[in-house]
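Have a look at the structure below before the remarks.
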Amino acid sequence: MTESPPPVVEMRGISLAFPGVKALQDVDFRLFPGEVHALMGENGAGKSTLIKTLTGVHRPDAGETVLAGEAVAFSSPGEAQHAGISTVYQEVNLCANLTVAENILLGREPRRLGGIDFPAMRRRAAEVLARIGVHIDPASSLSEHPIAVQQLVAIARAIAVDCRVLVLDEPTSSLDAGEVAELFRIMRVLRDEGVAILFVSHFLDQVYEISDRMTVLRNGMLVGEHLTADVDRRSLISQMIGRDLGTLEAIEDAAEKRTAQGPVLVQAEGLGRRGAIEPFDLEIRAGQVVGLAGLLGSGRTELARLLFGADRADSGRLLVDGAPLRLRGPRSAIAAGIAFSSEDRKGEGLVADLSIRDNLVLAMQAARGWTRPLPRRTKDHLVEKYLKALDIRPANPDALVRTLSGGNQQKVLLARWLVTEPRLLILDEPTRGIDIGAKAQIQQLVTTLAAEGTAVLFISAELEEVVRIADRIVVLRDRRKIAELDGSATGVDEVVELIAGGAAPDKEVVS
Amino acid sequence: MKNRLLWPLLALAALLLLNLAVTPSFFALRIQDGHLYGGLVDVLKNGAPTLLIALGMTLVIATRGIDLSVGAVAAIAGAVTCVHIGTSDSTGTALAGMAIALVLCAVLGLWNGFLVAGMGIQPIIATLVLMTAGRGVAMLVTEGQIVTVNNTAYRQVGAGFVVLPVSILISLLVLGLVAFVTRKTALGMLIEAVGVNPEASRLAGVRSRTIIWTVYVFAAVCAGIAGLMISSNVSAADANNAGLWIEMDAILAVVIGGTSLAGGRYSLTGTLIGALIIQTLTTTVYTIGVAPEVTLVFKAVVVIAVCLVQAPKARAALSFRKVAVS
């Protein structure tokens with residue numbers, strides 16, 4: 001890799017703010033012809049926003065984009081595509097009911113006599129497919145092909161126009177190893193033709209296998225640009241995760257002082273679900289905070305969902321208070337005193353169009369059944385108590401939840417579960433996307449709950465936070481539990497090491 | 001809330017005034033033999049079945065569903081009752097017939113609920129099954145004939161009076177009951193929660209299936225009672241025409257009343273107003289003498305107008321003009 005050719009894309013000083021969030025701050029980004037460039041960062045780092053700025057979905061507030069020496073300002077994805085920037089998104093954005101050829105040339109069909117020239121269309125499609133070495137019948141219906149092939153068709157569609165830049169946003173998330181290899185072969189073909197490929201993936205192995213260069217973002221800011229060969233996994237991960245300088249010493253102290261030797265409350269024995277998480281063992285004691293650490297897609301959420309019965313386990317068993325419990329759904333988990341606050345606040349947590357009051361009492365009311373409504377006075381008392389305790393604003397019980405800020409929404413969701421007085425509280429990314437003040441309040445709350453004897457399973461992408469708050473840390477990688485560490489004796493570095501896989505004693509191989 | 005009902009109320013007032021202009025005696029009420037008569041009473045009486053069905057439909061729609069089978073269920077209820085009564089004039093037989101019919105309707109509601117909540121079929125398809133098959137069932141029950149009865153007790157349901165027509169009283173009673181149950185128990189809140197966000201509700205431990213099942217049974221029973229009114233009013237069961245297209249009127253009533261077809265928040269008062277608009281519209285068609293061949297077109301135009309003024313885009317345009325004027 002030499003830097004002799006000028007970059008095909010150069011973005012300088014890109015800033016973009018959404019209401020309440022600075023999504024990108026003064027980010028520089030370069031993309032050279034004939035390279036595979038990985039864009040790295042955890043959730044919310046600004047990867048998607050940067051891609052969307054490049055492809056004309058968003059317009060930056062500041063900064064400029066230079067494409068092949070010319071300053072450009074796209075106002076729509078169509079314009080960007082016309083200029084040679086093609087994008088393939090994570091989900092296949094094609095029409096399953098049309099043929100492969102139709103999908104590849106949709107919107108730019110060869111025409112003849114006012115109609116579509118189908119033979120010519122099939123010929124063009126076959127040429128494009130041959131260019132990337134995919135041999136399928138262009139006249140076959142797209143839905144006949146597996147997802148991996150559909151992904152390749154999407155790529156064929158992207159390169160059917162004169163394409164100088166190809167953006168692949170998590171193309172491998174639904175592919176198996178063989179399919180990934182095929183995709184990489186095609187990426188190399190295109191790279192060698194001089195196409196600049198921007199690649200986003202959460203799988204580090206893949207990034208190291210395919211990419212030539214990488215740019216790391218964190219919290220909307222540029223952390224660094226490196227040749228892939230120059231940066232090892234450990235330093236990459238610590239760049240991605242960063243160090244939260246506002247360490248809350250008090251919370252750490254509390255975690256250390258806590259004896260955390262209550263009786264075993266929840267125990268998983270070989271619990272697992274195919275395609276979600278490999279069978280794992282886990283013990284959670286009353287008054288203990290167990291942290292789950294791992295990168296996105298490592299199985300953090302999947303593990304939590306099994307404990308709550310949101311998904312059904314297909315192996316192993318769960319014991320609560322030493323007795324086996326068959327979870328037939330969230331209701332049986334709730335009855336056993338388990339609560340789960342989802343990372344997807346809007347989709348799986350809150351009921352946006354209902355008031356704070358209704359959202360607060362929903363879980364408790366659901367447990368009582370509709371025939372036994374909570375008396376108005378009890379409700380008001382609970383709502384008042386938690387609005388105050390968690391400092392929820394506005395403190396108006398009738399306000400619709402969708403009008404609240406992210407941090408306040410998170411607190412409402414937390415309060416919903418606190419109302420039910422759970423014995424095990426599972427918090428999946430409770431501090432994501434909320435401001436630092438609310439974050440500290442929630443961390444404080446977890447410490448208080450544990451001191452009162454509640455078991456907490458704490459999931460966060462921020463390792464600092466996990467290490468600070470947890471008594472025990474369970475480390476996950478590639479949908480497998482790989483280690484369990486003592487929280488007070490562990491530093492972030494050690495966890496990073498394990499996640500990176502450098503020093504992991506991969507002893508238990510379960511398949 | 002008030003704002004949401006403003007336009008439907010205005011539309012209703014406009015329709016009533018139009019009637020008053022055409023028929024000056026439209027608002028006049030008179031008492032004859034202890035019975036209340038008048039144009040407004042007619043509107044209420046004729047609208048009673050639609051209101052009942054719309055009430056059931058409101059709850060179904062609030063859970064993101066829809067029930068197309070209510071018209072067919074209404075026909076089945078009338079058919080079963082009339083066949084059971086036959087030539088009898090006994091009150092006991094009439095009551096038994098109606099009880100059998102309503103139990104059967106509840107079973108049909110269970111079937112709809114099973115398809116929607118149990119099998120996960122899209123509500124519009126699931127209830128389409130009974131919408132078409134139900135007419136056939138009603139035909140089987142009546143053996144293809146229009147079954148006429150002459151039963152004094154049965155006649156009271158649709159044509160009787162206790163100062164007001166009995167059908168109005170029944171509908172208002174059910175309205176009151178639904179309002180009471182949904183507000184005094186947690187049912188209303190849970191229905192809204194399921195309608196707004198089914199997955200979040202499931203994860204909060206709400207028995208979404210049971211709730212969805214319940215609203216379909218309720219809708220079917222409402223349809224059954226409406227079917228009894230329709231059949232009792234003419235003392236006959238017509239498997240083909242009883243309650244024909246009433247599901248459309250009911251859905252319109254719900255939508256005009258401001259409940260979104262996307263589910264979630266619903267308004268029973270809105271549905272009441274919606275049902276009154278639909279019925280007043282039908283009455284208007286007769287009083288102002290719209291030619292029969294353009295009746296449906298006229299109705300459609302009014303409904304479109306009401307829906308348009310409620311549409312967010314039209315509202316935005318209206319408020320923009322207000323701003324521009326000021």
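Glycine residues also receive a Cβ, built from the backbone N, Cα and C atoms like all the rest.
The transmembrane segment annotation in TrEMBL covers B:43-61, B:68-87, B:93-117, B:124-141, B:161-181, B:211-230, B:242-261, B:268-288, B:294-312.
For the transmembrane segment (B:242-261), the list of distant contacts is 4-5, 8, 11, 49-51, 53-54, 56-58, 61-62, 66-75, 78-79, 131, 138, 223, 226-227, 230-231, 267, 269-275, 277-278, 303, 306-307, 310: same-chain residues at least six beyond its ends, Cβ to Cβ under 8 Å. The transmembrane segment (B:68-87) makes no contact with the transmembrane segment (B:161-181): fewer than 3 of their CB pairs lie within 8 A, with pairs spaced 6 or more apart in sequence. Beyond the transmembrane segment (B:268-288), the same-chain residues lying 6 or more positions past its ends with a Cβ under 8 Å from any Cβ of the stretch are 4-5, 8-9, 11-12, 15-16, 18-19, 22-23, 26, 39, 42-44, 46-47, 50-51, 54-55, 57-58, 175, 178-179, 182, 249-250, 252-259, 295, 298-299, 302-303, 306. Remark: the transmembrane segment (B:93-117) makes no contact with the transmembrane segment (B:43-61), by the rule of 3 or more CB pairs under 8 A. Same-chain neighbours of the transmembrane segment (B:43-61): 67, 70, 74, 123, 164-165, 167-168, 170-171, 174-175, 178, 182, 191, 215-216, 218-223, 225-227, 229-230, 243, 246-247, 249-251, 253-254, 257, 259-261, 263, 266-268, 271-272, 274-276, 278-280, 282-283, counting only residues six or more beyond its ends whose CB sits under 8 Å from a CB of the stretch. Listed as Cβ neighbours of the transmembrane segment (B:124-141) (distance under 8 Å, sequence separation of 6 or more from its ends, same chain) are residues 66-69, 71-73, 75-76, 78-80, 83, 108, 111-112, 115-116, 237, 239-240, 242, 247. Among residues of the same chain six or more beyond the transmembrane segment (B:161-181), those with a C-beta under 8 A of the stretch's C-beta atoms are 34-36, 41, 44-45, 48-49, 51-52, 55, 59, 187, 222, 225, 229, 233, 268, 272.
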